[in-house]
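Noted in Swiss-Prot for the protein shown:
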- LEU10, SER11, GLY12, GLY13, LEU14, ASP15, SER16, ALA17, THR18, ALA19, ALA20: ATP binding site (BINDING)
- CYS191, CYS199, CYS202, CYS205: Zn(2+) binding site (BINDING)
Amino acid sequence: MTQRTSVALLSGGLDSATAAAMALEEGDRVIGLSFDYGQRHHRELEAAAAVASHLGLAEHHCLAVDLAAWGGSALTDDAVTIPTDGVQEGVIPPTYVPGRNTVFIAVGLSLAEARGAERLVLGVNAVDYSGYPDCRPDYLNVFQQLANLASKAGREGHGTELWAPLVEWSKTRIVEEAFRLNVPIQSTWSCYSGGTTPCGICDSCRIRDAALREAGRPDLCSNASA
């Protein structure tokens, strides 16, 4: 039986690392794809490389896509403040990057088709889609339809599947799965700030730290909030 190939979008964060590890557990040959898009938390790319090495991915590519050229997000524009007051239900936060996931998924599908990969692995989850429009199930469902129409493989009936195994999961459940799969949590990076250590106060740090505490591992929390 031929081994299935998957392309995993690998940000360097906990969620994408866990999703990639899940694909590996299913026996996939996994190719990692990361993006240098001008994010202020550039440290996550070092984390992505470390995760790819630890998991033993077949390949790992890092592509430059300068979304900071026009800003529009707290993650790409230093003039926009990183929020620290918690996730507001029903509000799209300033850390949303215009078109980011649309660009990333499109490029991922290109690599997947070039490599003959059956799946594109995405780490989006319930925490993400509560705030970000391009992490929600309805977005992924429609993008899947587009992918099937926009590629040679899709038109021939064997297009790449957008696989988002964490889409209904809480952050705590993701942390627990990461431990089960021996994901190097200490090597991942979630902080939105551009420092060399996690700030402990941005929304991403708060969510990650809360999940780690719920999972019984406060020792892995950021220094500022442990």
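Here the Cβ of each residue, glycine as well, is placed from N, Cα and C on the backbone.
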Checklist entry - Could you give the Cα-Cα distance between GLY12 (ATP binding site) and CYS202 (Zn(2+) binding site), in whole Å? => result 17
Item to check | Length of the line joining the Cα atoms of LEU14 (ATP binding site) and CYS199 (Zn(2+) binding site), in Å | outcome: 16
Checklist outcome for this item: Close in space but at least six residues away in sequence, with Cβ under 8 Å from that of THR18 (ATP binding site), the same-chain residues are GLY123, LEU166, ILE174, GLU177, ALA178, LEU181, VAL183
Item to check | Among LEU10, SER16, ALA20, which are recorded as binding-site residues, the nearest neighbour of CYS205 (Zn(2+) binding site) by Cα | outcome: SER16
Checklist entry - Where does THR18 (ATP binding site) sit in the DSSP three-state scheme? => result helix
Next on the checklist: For the ATP site (LEU10, SER11, GLY12, GLY13, LEU14, ASP15, SER16, ALA17, THR18, ALA19, ALA20), what does the 8 A shell look like? I mean other same-chain residues with CB within 8 A of the CB centroid.
Outcome noted: ALA8, ALA48, VAL51, GLY123, THR188
Item to check | Closest of CYS191, CYS199, CYS202 to SER16 (ATP binding site), Cα positions, binding-site residues only | outcome: CYS191
